[in-house]
Amino acid sequence: MAMSMSHQIGATPLTLETGGVSVEIPAKGSTATSPIWRSPMANLRVSVKKTGAEMDRVSPTPSPPMSPMLGGGGIRPDLSVACQALMEAAPLEAPLEHKMRNLPEKQKGVPVFVMMPLDSVKMDHTVNRRKAMNASLQALKSAGVEGIMMDVWWGLVERDAPGEYNWGGYVELMEMAKKHGLKVQAVMSFHQCGGNVGDSCTIPLPRWVTEEMEKDPDLAYTDQWGRRNFEYVSLGCDTLPVLKGRTPVQCYSDFMRGFRDRFESFLGDTIVEIQVGMGPAGELRYPSYPEQDGTWKFPGIGAFQCYDKYMISSLKAAAEVFGKPEWGHTGPTDAGSYNNWPEDTNFFKREGGGWDGEYGEFFLTWYSQMLLDHGERILQSANAVFEDKGVKISVKIAGIHWHYGTRSHAPELTAGYYNTRFRDGYLPIAQMLARHGAIFNFTCIEMRDHEQPQDAQCAPEKLVRQVALATQKAQVPLAGENALPRYDDYAHEQILQASSLNIDDKSGDREMCAFTYLRMNPDLFHPDNWRRFVAFVKKMKEGKDANQCREQVEREAEHFVHITQPLVQEAAVALMH
């Protein structure tokens, strides 16, 4: 791959932001941004298999790392000044009316949405399996489902050239949803499809984005071994004009603006929510556990993704301000690798681990704050685009429940969530979302602790409870998803219990504002699965103080399934062809 860079750091303006505060320093010879709208670029992610001794090797040198400085020269003075402003600036509170604009209205029960297939729109911009889609939507509406969630793929809509949007297929899907009286949660999917759990197809980033990545591989998230991750553009270059003269955040904003303008007549009526993709799998996180090519396997701790030159430049500036410039050369060198466990490493181990020292606190604070700032920037853009359009804004957070019972919570730390035995890492995320009136959408709602491998100290129920408490404290709405497909009553009961948000005496009548069910496929329409699903939807709509007995709900579901059997059979058969 060509290593020439059309935009050097020293030749572009630097913007550092935190909590809504931004400091921009113009640079000599900075490139003027193009007036043409261009599409958002998803940050790169790479997965490379680490095997044998190489995978298990732990650096003998404890943190802090002392590896050679990457690249030549020192830190730019303006970087140091800007970083000082970043470290000292207090988050700005958005006006109350702005914060409250997207909050859901109080309602009884929890509305259920169903995720559409990832390939609902084909590469030729037409609806995939049109007849099956129509029958399926009709069946979902008849079951009492509130609506559907669909991915609007950046790599499909703006595939060929920046600023050229082809919404073919999505227009027809919106029309279908409207015809059947279903609401839509539209996901602005700025990531690559393919390489994650459940990915049934491959949709890469736009061609012109991948071309820029080939010219400058540092646009990709990078681990300490030099693996590049091409799933989503590195947040380290969020505010640099690296995508044909535009910044990634400008590209995301322009894409959302294009969506708003094309689907204006659907907003607030059919389209009720915009979920803004912020990382791999559409989640606000780093690509620390890539499954593609077997790089990571559950329940490995993952790896930090801060080794592209843009992230390292920020780390250098932060370390300089902190008074420890030697800490800015690289991330931890003793944090093991993707498939290690916490006690295999010096950095994450229980006693005397680097995570619990001064260096660990510095690095993890910087690493997690970079992720929060990324979310802040994109939410500012999303709120500006969808102002007064009658839609809610939501952000998806990953449910990383493995090794949750350890002190360091290593997999959460590598993903960018600074959550440990002694620190709540989800409250800052909830507070950031609250500042923008956004919904906190969380996964793994269907899981129970005892179903997971206990040697890895998995605790999804405890994790969900922590997130529920954080959102309650931050006064931000909480929505949920199941992480893996489940069609059994046992999982449904867990979702019902979790969505009721009965966590303490302050919960009151609070419930999740919505639940999105994974996913519409032939298995969902299997007679037994469909019967259980219909009953589940009815129970969710009843809410936590339902007067109707569960047995009555089951009887009504049985009757409903019987009278709608031809429609459901049609949907199931059509989806399989």
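Using N, Cα and C of the backbone, Cβ positions are placed for all residues, glycine too.
Some features that TrEMBL has for this protein:
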- GLU283: active site, proton donor (ACT_SITE)
- GLU481: active site, proton acceptor (ACT_SITE)
- ASP151, HIS191, ASP199, LYS396, HIS401, THR443, ASN482, ALA483, ARG519: substrate binding site (BINDING)
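Sequence features, as recorded in TrEMBL, placed on the structure.
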{"residue": "ASP151", "record": "substrate binding site", "CB count, 10 Å": "24"}
{"residue": "GLU283", "record": "active site, proton donor", "CB count, 10 Å": "24"}
{"residue": "HIS401", "record": "substrate binding site", "CB count, 10 Å": "26"}
{"residue": "GLU481", "record": "active site, proton acceptor", "CB count, 10 Å": "22"}
{"residue": "ASN482", "record": "substrate binding site", "CB count, 10 Å": "22"}
{"residue": "ARG519", "record": "substrate binding site", "CB count, 10 Å": "18"}
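Between the alpha carbons (Cα) of ASP151 (substrate binding site) and GLU283 (active site, proton donor) lies a span of roughly 13 Å.
The two recorded residues ASN482 (substrate binding site) and GLU283 (active site, proton donor) have their Cα atoms spaced 14 Å from each other. The two recorded residues, HIS401 (substrate binding site) and the residue listed as 'active site, proton acceptor', show a Cα separation of 14 Å.
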